[in-house]
Amino acid sequence: MTLEPIESQAQAGASGLFVMKCGGSTLAALPDSFFVDLRELQLSGNQPVIVHGGGPAISGNLEKLGIESRFVNGLRVTTEEVLDVVEMTLSGSINKAIVRRIQASGGQALGVSGVDGNLITARPVANHHEVGLVGEVSGVQAEIVTGILAMGYIPVIAPVGVDGDGQRYNINADTAAGAVASYIGSPSMIVVTDVPGIMRTVDGEKVVLPSVTVAQIEALIENGEIYGGMIPKVRAAMDCIQGQVSEVIVVDGKEPRVLSRVLKGEALGTRIVR
Ligand SMILES: Nc1ncnc2c1ncn2[C@@H]1O[C@H](COP(=O)(O)OP(=O)(O)O)[C@@H](O)[C@H]1O
Ligand SMILES: CC(=O)N[C@@H](CCC(=O)OP(=O)(O)O)C(=O)O
């Protein structure tokens with residue numbers, strides 16, 4: 001398999017619209033300068049949309065409450081009892097912590113979960129017999145996202161979905177972010193995590209792949225070089241890289257001014273392209 005660098009394509013496009021997924025692995029470690037960079041991007045006419053995770057915080061809260069938690073293929077087995085903690089953590093403390101950090105940097109943010117205004121509608125995943133109340137996205141009310149942007153706020157979205165009967169679902173944050181990017185027609189999605197990109201071992205050394213195509217990803221999953229928490233990211237990328245979403249970039253949130261550098265097309269992290 002050859003993995004040649006591929007030139008960056010759309011970045012934020014003319015609209016300045018981009019979706020950023022922020023993983024629970026990195027949220028607490030994000031420096032204040034990350035939010036200053038975000039604020040400056042917003043001031044210069046970009047339209048950031050944030051979808052966040054919070055897996056480690058959910059696991060911590062479940063442990064404190066003595067509720068058992070386990071994952072099947074990267075998805076948390078979710079009962080109603082677990083879902084109470086998932087919703088409390090994602091839509092509550094994590095969502096509001098991000099909103100507060102943006103506001104403290106001088107930016108304007110409005111936090112919602114996928115439940116608010118039926119923003120993210122969901123249905124049970126195919127393997128719901130194994131994982132319980134985990135959802136896949138059946139729709140996104142794009143006009144809520146664009147409406148929040150039009151008011152001058154950065155939408156901060158927690159990945160909890162709802163169906164027509166009012167049933168809640170736990171949605172993997174990478175999956176939710178990819179769906180939001182698709183439905184709002186964002187040219188790119190930036191996945192901010194705790195590693196410098198998608199890595200593989202070459203001559204016994206770990207190297208970051210500057211770019212990978214959707215076809216190459218399958219081989220990397222097959223040979224075990226992509227595993228665990230990276231799997232939902234690349235699967236979400238494969239699902240959303242079509243239509244208007246032309247690239248998904250996986251980057252480390254601790255890299256200085258990572259968002260503006262990625263949007264300028266700098267070779268940082270891994271770009272997943274068609
Ligand atoms: N090929 C790979 N390159 C880089 N990281 C990988 C790879 N395969 C698996 N991973 C794992 O994926 C993790 C990121 O996923 P996860 O912990 O779920 O983060 P997040 O909370 O940001 O969603 C990395 O810390 C690393 O352990
Ligand atoms: C179904 C499922 O597994 N949902 C995730 C939602 C949070 C998430 O995805 O957070 P990260 O991005 O930090 O991993 C969970 O319960 O942990």
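Backbone N, Cα and C define each Cβ position, glycine as well.
As the structure is a computational prediction, the values presented were derived from the model and not from experiment.
Quick look at what TrEMBL lists:
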type	residues	note
BINDING	G54, G55, R76, N170	substrate binding site
DOMAIN	17-252	domain 'Aspartate/glutamate/uridylate kinase'
SITE	K21	site 'Transition state stabilizer'
SITE	K233	site 'Transition state stabilizer'
### Query
Just checking: which of the recorded positions K21, G55, R76 have a C-beta under 6 Å from ligand 2?
G55, R76
### Query
Since the record lists G54, G55 as binding-site residues, which of them has the fewest other Cβ atoms within 10 Å of its Cβ?
G55
### Task
List, in sequence order, the residues of the same chain other than G54, G55, R76, N170 whose Cβ lies within 8 Å of the centroid of the Cβ atoms of the recorded substrate site.
G24, G53, I58, S59, V86, T89, L90, N172, A173
#### Entry: Intrachain C-beta neighbours of K21 (site 'Transition state stabilizer'), sequence separation six or more, cut-off 8 angstroms
I50, V51, H52, G53, A173, D174, A177, G178, M189, I190, V191, V192, K233
## Note on the structure
Rounded mean pLDDT within the domain 'Aspartate/glutamate/uridylate kinase' (17-252) lands at 96
### Task
Any same-chain residues 6+ apart from R76 (substrate binding site) with CB under 8 Å of its CB? Would you list them in sequence order, or say none?
G55, I58, S69, R70, V82, V86, V131, V134, N170
### Query
Looking only at DSSP and grouping its letters into three states, which state does G54 (substrate binding site) belong to?
coil
### Message
How many Å separate the two farthest-apart Cα atoms among the substrate-binding residues G54, G55, R76, N170?
### Response
12
